[in-house]
């Protein structure tokens, strides 16, 4: 369980950081908040 949780967190953190860094999040399904404009 511990390993699975860590693996999921490690995989999710970089993805969120990448999407947050990108200014364009309109057509990006990986983006939590779709920002258009």
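Glycine is treated like the rest: Cβ placed from N, Cα and C.
Under the heading compositional bias 'Basic and acidic residues', Swiss-Prot lists 1-15.
Annotated disulfide bond per Swiss-Prot: 25-31 (among others), in sequence order.
Under the heading disulfide bond, Swiss-Prot lists 26-36 (among others), citing a curator's inference as support. Just so you know, the Cβ of residue 36 (disulfide bond) picks up 7 other Cβ atoms within 10 Å once every protein chain is counted.
Mapped onto three states, the DSSP output places residue 36 (disulfide bond) in coil. Under the heading cysteine amide, Swiss-Prot lists 36, citing a curator's inference as support.
Marked as region 'Disordered' by Swiss-Prot: 1-23.
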Field: residue 31 (disulfide bond): tally of other CB atoms within 10 A of its CB
entry: 17
- prompt: Going by DSSP, is residue 25 (disulfide bond) part of a helix, a strand, or coil?
  reply: strand
- prompt: How many Å separate the Cα atoms of residue 36 (disulfide bond) and residue 25 (disulfide bond)?
  reply: 7
